[in-house]
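Feature annotations, courtesy of TrEMBL:
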TRANSMEM  33-50  transmembrane segment
DOMAIN    36-645  domain 'Major facilitator superfamily (MFS) profile'
TRANSMEM  70-90  transmembrane segment
TRANSMEM  102-123  transmembrane segment
TRANSMEM  210-238  transmembrane segment
TRANSMEM  259-281  transmembrane segment
REGION    291-311  region 'Disordered'
TRANSMEM  337-356  transmembrane segment
TRANSMEM  376-396  transmembrane segment
TRANSMEM  402-424  transmembrane segment
DOMAIN    453-508  domain 'Kazal-like'
TRANSMEM  536-559  transmembrane segment
TRANSMEM  624-647  transmembrane segment
REGION    657-811  region 'Disordered'
COMPBIAS  679-688  compositional bias 'Basic and acidic residues'
COMPBIAS  731-741  compositional bias 'Basic and acidic residues'
COMPBIAS  751-764  compositional bias 'Acidic residues'
COMPBIAS  801-811  compositional bias 'Polar residues'
Amino acid sequence: MMGDPAEDRGKLTSQQELCVPDKVTKQPCFSTLKLFIVALSFAYFSKALSGTYMKSAITQIERRFDLSSSLIGLIDGSFEMGNLLFLAVVSHFGAKLHRPRLIAMGCFLMALGSFLTGLPHFFMGRYTFDTVIQGASVNQSVSPCLDPLKETEVPEVQISSDPDCMKDSSSHMWIYVFLGNALRGIGETPITPLGISYIDDYAKAENSAFYIACLQTITLLGPMFGFLLGSLCARLYVDIGYVNLESVTITPKDARWVGAWWLGFLVSSVIMLLSGIPFWFLPRSLPKQGQEGELSPSTTTQDRPGNGHATPHQTMRLAEIAKGFIPSLKKLLSTPVYFLLLCGSILKFNSFIGLLTFKAKYMEQQFGQSAARANFLIGVLNLPVVALGIFLGGLLMKRFKLGVVSGAQLSFVTSFIAYLILLLQFGTKCDNVRVAGLTISYNGTPGVVYNGKLLLSECNRKCSCSAGEWDPVCSDNGITYTSPCLAGCSDSTGYGKNTVFHNCSCVLYSPAPGGSMSVTLGQCPRRPECSRSFSFYMAVSVLSSFINSLGTTPGYMVIIRCIKPELKSLALGIQTLVMRTLGGIPAPVYFGALIDSTCLRWGIKKCGGRGACRMYDSNMYRVIFIGLITCLSGCSYFFIIPVIILLRKQFKREGDDPIGHPHHTSPEMELQTPPGSTDRPDVPKDKTVLPPEDTEQPHMARQIRLPEGDGEGKTVGNSLQTHKAGEEEELPKTLEARERGQPGNHSHGDELEEEVEKGEEAKEEEVTPVVIPPAPVGMQEEGKSSQQVNGLVEYGRPQETENLQSLQTME
């Protein structure tokens, strides 16, 4: 018995009132779901901005802390390590707790992690780099070749106990970056699995794919702004506001340049903090879309503390929840389609993480772009087309109502075409920078060497130069020398970035026609054909990104729809857990280690030891980087192709439902009643419930809820009768009262029909399907209503039942 609506509404909390339809204003309940989607989109945007900014700042952090690529890859993988610790637990137990508030707590932890990542900047000393003109005044001339402090060999000095060394980049301050990134990973744990499962639980099945596509599309604005923020910070000098920028002799294209990497982490920390606030005020649960009118106080007040009634959420103990974890995990991993998709996703994710982590660095080393320009191009070219592709992929699923098999095929075809286009990047290359003693000899003969002793030549042997310093200068002949001293320069003019070194003896070994013996600060620019190659590389990259993103949403929905609904949250959590364990953590490390193997020149830390790499072998870098990405992506198709085959076999018998739910036609889900009998307990076996008179073919009855306290054998209908031993039964009193009413007065019948309609949509309630056989001719009686008293049976209209294949027992 329903109570007074006003009284029921008065018992609700402010959160639950958002979810209860207002009888006066007619506000739909699913507006709360849309509010959740908006809040989740902002949270996705914030975490994506924070994560991609970390990727864009990889080069800056590597140079600031003098780290190798493999170690910076380990720091980047600490995010996945944080996820690994809590993801499985949060995915399983979080679905049974207050999901919006868990997401809010995750956002707050991510904000704290971002702040901790940028904190070391304020405890470290000012950034210094090796240069021969450091500290020189405007009118002071520098004579590199005559400097008596230069040494002929680079001593491998152990870390000094000097306090300045503890503040230097060679100290262990990078551990704070590691811990902050790991804390971000812990905070990100509840956002993805709980957010997606919340939407899929309370949205209509045909809308969930579109909602997730919109969510992912808006999410891609985060990486876009993350790379743009990285581009902006990379243009700013690391110690901006503390040093005179006119005294800085390096440019953003220099291998020693370090941007304001710390600034972006502070910005992302504030954004993450703001994104977590709305979730604290959202309800724990919502009614399914389309069932808003059935929301009762018993369902809306379950989260209210102190309501005097024990709810399942309040009485459920931790041990009872954990009891079903292992069986659920076994059932999930025993699903062949899910297991094969998981294996293919691991390989794909490895290639994706390697590409995303070192793509900007690849553009710097292969094509001579600055970190700021590389991040900017990724943000304005690659990511917008990815967002467009994901949106169009979700739109295609909704427009053409693609099912599981069709979605899997679309995802495979787009991915494979993008893979073939990616192979074209092997042809986009630039030759190595011509560096004397590294890629060419001092007389201009090509050849790559790794021996630092070859940097010394007859032209600079008398200068007592250090082979370990890196202060590159460019001559008119297009050759770069690793330092003015190794170029044999004996004099200089100018100040700061405008310094010019003269009388360089090594320039005479390969003079340019009409050139001078002078060199300028910085590496020589790349050849003109390198710019054309870079344009082709970006075109191929953008086209491949767009085509591949078209299948992102269909592929994601295949994972959701190929498993049972009760395992959905666990499946998404396990997938994320496994991919980040076997992909997110090791991929940056081994990608970085292989990139380190192509280094031609390492930097030297101030207090001794090997620092960051200053120059790479471009050809080897390209072969290893692109080759590893294509190899991992190609191997993933050995798992994806069997998935397509299995899905075709599975849904060939069941039929592919447009919204992704296969029709289950197992015998135990069908109820067949022979003519003249019924399985209803409230109707005797010698009684027959007959169909309408005007139907020429049998129609199946709708599945409706049978309320308690039904009278036995009470029916109403235009052509519905109850017979016993061939004699007509007497109609119930309620039918007689209905017939005594005035014609056209069907207000009570309309209310009954509305209750029946509500019973159809209440999927949480117990449903008892009843199949009514066709009635023998002549057994119908005119003048009877077509509904059963108290909503027991209502016949489906022909247009609504002709597509019904089977009846399902719903608990």
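Keep in mind that glycine also has a Cβ here, set from the backbone N, Cα and C atoms.
Note on the transmembrane segment (70-90): residues 51, 54-55, 58, 61-62, 102, 174, 177-179, 181-190, 193-194, 357, 573-574, 576-577, 580-581, 583-593, 596 of its chain, located 6 or more positions outside it, place their CB under 8 angstroms from a CB of the stretch. Remote same-chain residues near the transmembrane segment (102-123) are listed as 40, 43, 46-47, 50, 54, 90, 94, 167, 173-174, 176-177, 179-191, 194-195, 238, 261-266, 268-270, 272-273, 275-280 (criterion: CB distance under 8 Å, separation of at least six residues from the stretch ends). Within the chain carrying the transmembrane segment (402-424), a Cβ under 8 angstroms from the stretch's Cβ atoms is held by residues 348, 393, 396, 540, 543-545, 547-552, 554-555, 557-558, 561-562, 626, 629-630, 633-634, 637, 640-641, 643-644, 647-648, 651, 656-660, 662, all 6 or more beyond its ends. Listed stretches 259-281, 337-356, 376-396 were compared with the transmembrane segment (210-238); the greatest number of C-beta pairs under 8 angstroms is found for 376-396. Each residue in the domain 'Kazal-like' (453-508) gets a DSSP state, and the totals come to 13 helix, 11 strand, 32 coil.
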